Structures are given as C-alpha cells and as structure tokens.
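Trainee: Here it is: the structure, laid out below.
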Amino acid sequence: MAQAPVSPVVLVILDGWGYRQSTEANAIALAKTPVMDCLWTSYPRTLIHTSGKDVGLPNGQMGNSEVGHLNLGAGRIVPQELVRISDAVEDKSLLRNPALVNICQEVRDRQSKLHLIGLCSDGGVHSHLDHLIGLLELAKEQHLDQVCIHVITDGRDTNTNEGINAVAKLESSIKEIGVGRIVTVSGRYYAMDRDRRWDRIQKAYDVYTQDRPGDGRSATEVIKDFYKNSITDEFIEPTRIAPGAIKSGDGVIFFNFRPDRARQLCYALTMPNFDGFERELIQPLSFVTFTQYDPKLPVKVAFEPQNLNNILGEVVAREGLKQFRTAETEKYPHVTYFFNGGLENPFEGEDRELIQSPMVATYDQAPAMSAETVTDTACNAIEKGIYSLVVINYANPDMVGHTGNLEAAIQAIETVDNCLGRLLTSISKMGGTVLITADHGNAELMVDENGNPWTAHSTNPVPLIIVEGEGRKIPGHGGAVDLADNGRLADIAPTILEILQLPKPEEMTGRSLIEPIHLEIKQNRTPVRISR
C-alpha cells in the first residue's frame, strides 16, 4: 500500500528581514507586504534575537548569515570563531598556535616572505582587525623581517568609507610593532567573491602574484583617491602599493575566519586542478587558513572545526525522514554547509537544489534575484509529499539590502512577499506547517545616523511566525497556540522537532517556543521514512 503524502514542516528563512518600529529608511515597513501583514496579525508570532551573546558572538556584535544558520540548525548557541580567535589573541595563545608557529618557522628557514591576506575590518563578520594585529605580533616574536600584508577593504559589514580608518589603524600598529608593510589593497567585491565570478578573483590574484611596482602612494592615499572617484571600500580595484608578490617558497596566512568568501581565492592560490581561469600554480607554497574553508584544500588550519553533534538535519535523518534544502547561489552554503554544522556532505535522505543567482554586478540591478525560481523549486518539492522537513532561504532582503539602495530593497521585499503567498498555497495543499523567520536584520535599516546608506547588518530582532494548515486555507491554530517571548535562533530547531514529534537531543540547549499548555499536534501526521 502506498504511503500517504507527508505533511511537511517548512522552515522559511527570509535572509536579512529584521524588525524595527520606525518606518524611516525601513524597506520592510515601506514595502507592500499583504501576505506577511496578514500572517503577522492572524497567526502566532513573536520576535527572536539574532545577535550578540544570543548567537555566540560578543555582546552587541551584529549577527550574520553564517552564524544565523549555524544556530538555526544546531539548536544551541554555537560559540563563534570570532570569540574563539579573539580570546587567543588576548591571552597570547595565538603566539603558540602550532600551525601558525610552523609556517613562520618555515618562512624564516627559507628566508622567504610571509603574506597575510584578509578583510581589514572591525565588522567581525568575516574577520577582525585585531586578529591581523595579533599575527604581526606573532611575526615579530618569530623574528620575521619580510611580512607582506594584502589588505581587503570591507564597506559591506561596515560603513562604506570606513576602510580608510581601519587601514590607518593598521599602519599605526605596523609602526608600533615594527613588523610588516601593506603591499596591496583590494575591495572585497574582487578578492572575496563567492559566486564563481572568476574574473573578479583573477584581478585580485594577478595583483597578489605578479611583480608590479607601486607608485609611491601609501595605502591610505590610494584609498582616498578611490573615494574621490566615488568608489567605496567594497569596490576598490586591486592595487599594488609596494613590492611583495607571492612567489615560490613563500608562506601565506589567510586570516578570515568565515569560509564562504575566502574559498575561491584559496582555490586559485593552492589547487593544482583549478580551472576558474588560467594561471601558473605557485609551488612550493606554505599555506595556513584560520579556519577550515574546505576539507579539499591543501592547507593547514590554525583553528580546527568544532564538532556539532545531534543537529537538526542529523536528528531528522536518523529517524529515517527525508528532508529538502534549496536556495540561490548566494545563500546555498548557508542552508547546506552552515545549517549542517559545517558538514559539506548531505545527510542520508537529504536532497538539495541550487538555484543560480542572476549574474549582475550588484543585486539592486535585479532585486527580484532568483526568488521566483526558488519558490517554484520549493513548491515542487513540497507537493511531492515525501519530505518531512523543507528548508528554504530567500536571499533578497539581505543581498539587496547590502547595496544601500532603498528603492531596490523595497522591490526585493515585495518580491519575497509575493513568493510567500505561492509557497503557502503549496504548504496548505499538503496540510503542512510553516515557520517563517530570518537569520539577522538588514533591510529594515537602510541609512545610518548621518543619513548615509547603511549596507551592513543590524542587531534588531527578527520575526517568527508559525502557521499550521489543517486541510483548509492555512487557518492554523489561530489564537490557540502562543509563541514564547525572548527566543533565539537556537530555539527554532527544538520547535521544529516538537512539531515533528521527535525527541530533542540533550545537546540541543534551545527550547521549543510553542507554549506547552497550548500545544496542539495533529495525531494523524504521516512521516515518510527512508527504506533501509
């Protein structure tokens, strides 16, 4: 006898959809969002925290997509690499880190150069300037005299023109410590692409590896000149400041701790079978990354991954249930790698579908992005009736919010709201349950206190709405179910497990946000199990 179609639990992550009461420069409040407005007023909802200590970051530190999806999938507050590495800098254990000490010794023995590559920013999302300064202190202790710094400017997780202040602070630290020189400057648009736009990576790669003379300007002077031409930090073209190309026998430390935007440049610098663009592989090359960017990379790792056991995807798979993940290119690693606690490979019964993001320079040129195709894919998966858990990410609020273009962000929000309506129809047809939330804020705050475009994330809370269909038009429980206040992203996985009627493992320290005294569970839910 054929199994009955499954009534899925669907987690919809509206990336960058924060909550802020003021409507000024608030793309979410200014957009026409009839679907979300109806859900917010008609169904159980609450606000949850996505920043600072609530997600394993320092107090007051804005959340981000990597951190958000880690916490969402893990069902616990995950101590973040930012804190882990900052502690190592502060307590001086960085100076004894085996991978870092060894590469310094190799460079010293070969009398070659040590290159430090990474985002020069105090944004705390991909890196932190204090970590770079800690590496300079390490180089001094290891008596290195050829330390080349390849600055990547931010302008995305910080104000658009904050780079000059970060570089000035770096130049001051170089002078104080007595080690290092800035040899290149590049905006993250080029050096940290993650969407396989290899022409961008190649521009940074060529500047890093080719012998080109500087023109006598300092790094701050170069940045000022770009500002004069209305080119902000993110888009600074790769520029040689001083001699110091990466050559055979050198050592490289990539000090970004977040993997997704560091991988492509590392592939180009280290992988023998790299095919993104034509280049001659530099060998030998000692290479250390702060964290594990990709297990396939032929590099040493300074801070090995933390093992996360009994995360949501693992629990669902162990119960023999099927699950589905989909997102477009920009957020695909987040619903797979990060949601699975840093594991590349899917769990048994976990299917995935990647949707290509539009090939545009910046997403304000295409604010709809690929949301419609993501929705088509998700609806098809839901209506197959075989998946107990479906995880979907809509990238628009975050990726368009990062451009600082308010009108485009409003269009992005309206696109996602329309897609939600279609998605809810499919979920209703299957009698499923949907949880709608976000990983962090962004699009609700589009200008800073001075009225300038704000392109970074926020520390604002995000919505959580739960809607359970019972064979009607998504009526749900209405007022019969409450959602607890003061929740965190870590509480989402336990909430999903409670709806699926699966036990919460002890490693999950989050709590279900469904108030127990009001909990109503459909007793006829029929999960589809994988045959063994």
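From the backbone N, Cα and C atoms, a Cβ is placed for every residue, glycine too.
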Trainee: Which one, Asp15, Asp122, Asp376, Asp491, is listed by Swiss-Prot in the same Mn(2+) 2 site as Ser65, Asp439, His440?
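Mentor: Candidate in the recorded Mn(2+) 2 site: Asp15.
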Trainee: Tell me, how many other CB atoms lie within 10 A of the CB of His457 (Mn(2+) 1 binding site), whichever protein chain they belong to?
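Mentor: Total other Cβ atoms inside 10 Å, all chains included: 30.
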Trainee: How many Å lie between the Cα of Arg261 (substrate binding site) and the Cα of Asp15 (Mn(2+) 2 binding site)?
Mentor: 17
Trainee: Which one is it, among the binding-site residues Asp15, His126, Asp157, Asp439, that lies nearest to His402 (Mn(2+) 1 binding site) by Cα separation?
Mentor: Asp157
Trainee: Taking only the Cα atoms, work out how far Asp15 (Mn(2+) 2 binding site) lies from Asp398 (Mn(2+) 1 binding site), in Å, as a whole number.
Mentor: 5
Trainee: Could you find out if DSSP has Asp398 (Mn(2+) 1 binding site) as helix, strand or coil?
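Mentor: DSSP call for Asp398 (Mn(2+) 1 binding site): helix.
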Trainee: Near Asp157 (substrate binding site), which of the recorded positions Ser65, Asp398, Asp439, His440, His457 can be found within 10 Å, Cα to Cα?
Mentor: His457
